[in-house]
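Quick look at what TrEMBL lists:
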| type | residues | note |
| --- | --- | --- |
| DOMAIN | 43-294 | domain 'G-protein coupled receptors family 1 profile' |
| TRANSMEM | 27-50 | transmembrane segment |
| TRANSMEM | 62-80 | transmembrane segment |
| TRANSMEM | 86-108 | transmembrane segment |
| TRANSMEM | 115-136 | transmembrane segment |
| TRANSMEM | 142-165 | transmembrane segment |
| TRANSMEM | 186-203 | transmembrane segment |
| TRANSMEM | 209-228 | transmembrane segment |
| TRANSMEM | 240-262 | transmembrane segment |
| TRANSMEM | 274-294 | transmembrane segment |
Amino acid sequence: MPPFNLTSLTPATFILAGIPGMEKLHIWLSIPFCSMYLVALLGNIVMLFVIRTERSLHQPMYLFLAMLAITDLILSTTTVPKMLALFWFSAGEISFGACLTQMFFLHFSCSAESVILLAMAFDRFVAICYPLQYAVVLTQSAVAKAGLVVLLRSFCIIFPCIFLLKRLPFCGHNVIPHTYCEHMGVARLACADISINILYGLAVPVAVVVVDVVLIAVSYVLILLALFRLPSRTARHKAFNTCGSHVCVILLFYIPAFFTVLTHRFGQEIPQHIHILLANLYVVFPPMLNPIVYGVRTQQIKEKVVKVFICPKTHLLQ
């Protein structure tokens, strides 16, 4: 019996079905998603521009924030334009290679954001618990190395998923009941055992993210202990405000992530269209709100945005 040619069992294209059961509402759903995406684009680009042009913001905290903005742009831009094309023009076709590429950057950006949030927690920990050593510990070189760790760790975690999918044969089932390609959504279309995909797709990323969450929690426990040791209420309030924006961003990222995972794994009674809507919100909601949170809660960024965009003549004269 001749061996199977697995290449011939790889579909040329997949069909993204959108949100099953809500096809008639695709046009209406595109309005809020398009609006949120445009706000996310504007907010993160403005954040990057202000941090890039203002020398006073070339500090570790804001450099990590710039990394977060870049990651948010990758996360939303990887998924939302194709989603809108599907909603507006029923352009659900996506090639096998493009599907794997979208899947890689989707999961890569989620993993990268988790590491960046951990780095930002470490930044706040050093700033509050060891303020005299801050400039020595968090140098420009240290920030650059942290950025390299973000790239390498995320790449090493997500890249194996491509090979786990490329080894699978697909026997004609090419309709993905989703608005974008993600690892398990593609794997479930295969006509072969996908137990390795399930194990890797659940165990490895979740384990890594759990480690990040534990380390972030430990950092903030130590930060709170340090805050309670501060002599004055004013000092405690000022130090806590420096962490407030970061805590909000952490909650915006991890709460929807864990809620999505838990409802996907244990919420069998929840309709499929709810799962898909939650997944769609996850790729656009945090990227939209992160720059708003930092812009509103961080006085330095608020001042620099006003300086650059509202009073540009004053900014040029300085």
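Note: Cβ is positioned from N, Cα and C throughout, glycine not excepted.
The transmembrane segment (274-294) shares more Cβ pairs under 8 Å with 27-50 than with any other stretch in the list 27-50, 115-136, 186-203. Remark: the transmembrane segment (27-50) makes no contact with the transmembrane segment (115-136), by the rule of 3 or more CB pairs under 8 A.
Touching of the transmembrane segment (115-136) and the transmembrane segment (86-108) is ruled out by the presence of fewer than three CB pairs under 8 A, sequence neighbours closer than 6 excluded. Across the candidate stretches 62-80, 186-203, 209-228, 240-262, the maximum count of CB pairs under 8 A to the transmembrane segment (142-165) is reached by 186-203. For the transmembrane segment (240-262), the neighbouring stretch richest in Cβ pairs under 8 Å, chosen from 62-80, 186-203, 209-228, is 209-228. Panel annotation: around the transmembrane segment (62-80), residues 33-34, 37, 40-41, 44-45, 47-48, 51-52, 102, 105-106, 108-110, 112-113, 116-117, 119-120, 123, 143, 146-147, 150, 179-180, 249, 280, 283-284, 286-288, 290-291, 294, 300-301 of the same chain, lying at least six beyond its termini, place a Cβ under 8 Å from a Cβ of the stretch. Per-residue confidence over the domain 'G-protein coupled receptors family 1 profile' (43-294) averages out at a pLDDT of 90.
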